[in-house]
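Student: The annotation signal peptide is assigned in TrEMBL to 1-21. Annotation source TrEMBL lists domain 'Inhibitor I9' at 30-109. Positions annotated as domain 'Peptidase S8/S53' by TrEMBL: 134-588. The annotation active site, charge relay system is assigned in TrEMBL to ASP143, HIS219, SER550. Residues or ranges marked as domain 'Subtilisin-like protease fibronectin type-III' in TrEMBL: 665-760.
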Amino acid sequence: MDTKLNLFVVLTLVSIQFLSTFPKAAINNVHIVYMGEKENEDPTLTKMFHSKMLSDLLGSKEAAKSSMLYSYKHGFSGFAARLTDSQAKEIEAFPGVVQVIPNQVHKFHTTRSWDFMGLNDHSTTNLLTKSNMGEGIIIGVIDSGVWPESESFNDRGMNLIPSHWKGICQEGQLFNSSNCNKKLIGARWFVKGILDQNQTPINISNGKDILSARDSSGHGTHTASIAAGNFVVNANYEGLAAGLARGGAPRAHLAVYKVCWSFGHGGCTDADLLKAFDKAIQDGVDILSVSIGLSIPLFSYADQRNSIAIGSFHATAKGITVACSAGNDGPTAMTVENTAPWIITVAATTIDRAFPTAITLGNNHTLWGQSVDTRMHNHGFTGITFSDRIALNDSNDSALGCKRGSLNATLAAGQIILCFSQSSTQNIFSAAISVAEAGGVGLIFAQYRSDGLESCHYIPCIKVDYEVGTQILSYIRKARYPIAKLGIPKTIIGKWVSPKVADFSGRGPSSISPIVLKPDIAAPGVDIIAAYIPFGAKKNSGFALLSGTSMSCPHIAGITALIKSVHKNWSPAAIRSALVTTASQKGTDRSNIAEEGSTPKVADPFDIGGGVVNPNRAIDPGLIYDIETNDYVNFLCGTGFSSKSVSGLTQTKANCTKNRLNELNLNLPSITIPYLKRKVTVSRKVTNVGPVESIYKAVVEAPQGIKMKVEPQILRFNKTTQIVPFKVTFFTTGKVYGDYRFGSLIWRDPKHTVTIPISIRAIFV
């Protein structure tokens, strides 16, 4: 470590220790003083204004300087400062302050996928080629940082850094300016919010956290490489999923903003998130990928506690497309997160790759599960037993799921153990630890259908469903000396019906505003191989298989970069419309896409929005449903917010008494009516982005029990008419109430099919 970096670490540790030993009575909580619209465009003057306000509150410039963590002065106005509750209430009454909110913690939404979606790099006709692989576009990733030495971030073949880039490569512990290049062009880190939240110093000696943009969890490295990783040959995880790895836009540039940390309770705080958005706007990113969210219950769009909604609004207003993960609390309804209408909210699906693993029983019967554990196999027959037979305590069922400390080590030693998960909270990794501690040599873990695999590290483990688990149990009960042999997992592509909506993917309708359909779109998010931090004594291959809407979100960010590279003037709403209206509702076998859950069913718009992303169609959607910033302003007024609340969020002088948009008429590429009594008419307008002279005809697929009327039924475009409005009237037949029904409205010309999903719930009058 060089002298400059040594000095940095020492000074940082001193400052952290100072914070942690400050007298308890004087430690204040971080509050965000949100002021919305900037008074002027000079960030220096804005910061001086913030300092003056805080000085007036606390009585001196010194106190203000010591209290303030961040000044937000690029995308919006405000600051984060340490304040007592009484001080927070006092400053909320100051002129220009919209709201003062306490700092909160957010959480993560934690190769083959690109070819699966039709973006192979050797084709001359797909979006990847037409866009020159995203050249000239900058993707910002707000996450846990980056491992810059990963091969995915090499800059071979990269062009010069775009002239609109204004960011930096911020130095810190184990990270200096040489870690950036023409691929990874910028890196920043924000720790003040989480530092104050935990009120404890960061222990950098154990490597759990690193005081720089360097990633210590792997999450940020993984998501960044999915979005825009460069080409890496022979990428694999433990020999599985081998092939050419790359991101969605391999020639796009990356800027990382580290806001998520592991120390204390971990997480990503509002104060740090807002600063990342503020800096990303200043730096000149074109797209933002944010695989972070808050749990249910959600805050409203104009509530300043919803920092992702606030930050993304200001980014969107500057023309930056923001993609966010839908959350991992599915398959229950109303679990979708990041539901603001200006965000592209992404659900997760499977792809057509699996890792089947043979289980050969002593009766020569072979059953199949899935695994990613390729090491530590003895390759021979070994005794197998059921965990409940070797319970340490017969008075409870803890051994059934192999909870830690539940197994008799004498009886488990040298055996393969069959365990049955009894709930979604039990997982194969914790069961493997329990079996290994008891001396077991292998694990077969039976559980309800769930998506995503993880390595058990300690012993080979195989996941099976309850049907296979029960067949194995039947053999164990019948055999005098039951034995089994665990096979090595294989990588098989193209043999499974896909995609399917992942069981964990957050589902709609939106709990905060069901009028806005969420999620918007679905993308691969199960067992995705991408770059990762090195770990373990032997290190790893530099890649990992992870699952979550955290993985599906950067897929959309990468595709957005390709679209933006071709259509540089398209707004974020236009890009979202292109993705939604061209998405697919059919799987690889041409049947309707299914969703995984407790009871699998055909996926509906609350599972996948418009459908599974189809990048090659999205580049030429024909028509788009565009939205301007002022439309969002009037929509917020229409949902019942006051002029002051809307003005504070949007940086505009909103007049909600005069300008109020019927919330059903926000020009989204979807129509959702949660409360249809008898008759409702909804307005939309489409912009022609195809041939100048075009004629589109309406095709209606009405939800069951609902009648639809479209006026006009034919849209004509020419040189002077490129935007055409239309209305859709919905009538309830009076026979079906209570549940949502789904349909679609399609505009067709000889080349394009422009589809928006429709969700209607008729209620009894």
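Cβ atoms are placed via backbone N, Cα and C, with glycine included.
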Student: Please report the Cα separation of SER550 (active site, charge relay system) and ASP143 (active site, charge relay system) in Å, rounded to an integer.
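Tutor: If we compare the Cα positions of SER550 (active site, charge relay system) and ASP143 (active site, charge relay system), the gap is 10 Å.
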Student: On the 0 to 100 pLDDT scale, where does the domain 'Inhibitor I9' (30-109) sit on average?
Tutor: 82
Student: Cα of HIS219 (active site, charge relay system) to Cα of ASP143 (active site, charge relay system): how many Å, rounded?
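Tutor: HIS219 (active site, charge relay system) and ASP143 (active site, charge relay system) have their Cα atoms 7 Å apart.
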